[in-house]
Ligand SMILES: NC(=O)C1=CN([C@@H]2O[C@H](COP(=O)(O)OP(=O)(O)OC[C@H]3O[C@@H](n4cnc5c(N)ncnc54)[C@H](OP(=O)(O)O)[C@@H]3O)[C@@H](O)[C@H]2O)C=CC1
Ligand SMILES: O=C1CO[C@H](CO)[C@@H](O)[C@@H]1O
């Protein structure tokens, strides 16, 4: 996997191009989001990941509007929250997200979690919005293989993205392989384990070996595995650090060593228990 700059994109199943690296904004409050997003855009990020649940879509909308980079150059993802699932509810929630974000389309809209008895109807709503041209790509988040199979059996469109908890302690390689087989782009949430990666000895060793920070080692590992990644930070220096991962390559041997840290350990909920 050779991705050589921050503008590197992957082509989704429908031809839409999605930047490999984005800024996550979970737990970025409205009063901090402008600084964070402007720092990211200034440094070259063109991809921001939010959700209705994060309660900062309005702050993000303001941040984008007040920056000189035009809306169409920025890839914006949002997600329909669990309490808004169902066909009509999703159509309405989508409208609210657009309004808050001050935009008339989204680049990517995701079903945030596979809520039992609801997610196939929610998916139908995303298909409608996509067919109406209001979303450039549609996908899911926190969907295991059986959830994906349900949607693929009942829907018309195969999800284009699956955004999952993914870091050195939770790889789920079988799910990645399933997604790859069906042209579903895998995307990592909590790629830094919300700070947990900094305690892992092997990563400390690799950080010294490559003269890169632990965050940079892990985010580069994401890219070399073909996984889109969206680290969150509100600090300018870390926003820059997290995107400075295009000037080195992790050897195959070291990639395997990081893979071997997998212990199926989650920091978030199990998708079947939500
Ligand atoms: N689909 C889903 O269900 C989910 C999606 N997400 C998405 O994924 C994004 C990323 O995941 P998130 O849970 O935020 O956690 P991350 O794994 O991105 O970790 C974020 C934490 O790491 C710190 N940090 C960031 N960069 C560095 C660095 N270079 N060195 C040291 N510390 C650093 C941040 O602190 P600080 O800000 O102070 O720098 C923050 O505390 C979210 O923001 C959200 O967009 C997240 C959870 C669930
Ligand atoms: O996106 C999200 C942010 O984190 C929450 C708590 O872990 C998740 O439930 C949610 O999916």
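Just so you know, glycine gets a Cβ as well, placed from its N, Cα and C.
For 54, the entry in TrEMBL reads active site, proton donor. For residue 54 (active site, proton donor), the same-chain residues 6+ apart in sequence whose C-beta sits under 8 angstroms from its C-beta are 25, 26, 27, 28. Residue 54 (active site, proton donor) carries a helical DSSP state (H, G or I).
Under the heading substrate binding site, TrEMBL lists 112. For residue 112 (substrate binding site), the same-chain residues that are 6 or more apart in sequence and have a Cβ closer than 8 Å to its Cβ are 51, 52, 53, 79, 80, 81, 82, 141, 142. DSSP gives residue 112 (substrate binding site) a coil state; it is part of no helix or strand.
The annotation domain 'NADP-dependent oxidoreductase' is assigned in TrEMBL to 27-261.
Under the heading site 'Lowers pKa of active site Tyr', TrEMBL lists 79. According to DSSP, residue 79 (site 'Lowers pKa of active site Tyr') sits within a strand segment. For residue 79 (site 'Lowers pKa of active site Tyr'), other Cβ atoms within 10 Å of its Cβ number 26.
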Local confidence of the domain 'NADP-dependent oxidoreductase' (27-261) - pLDDT mean: 98
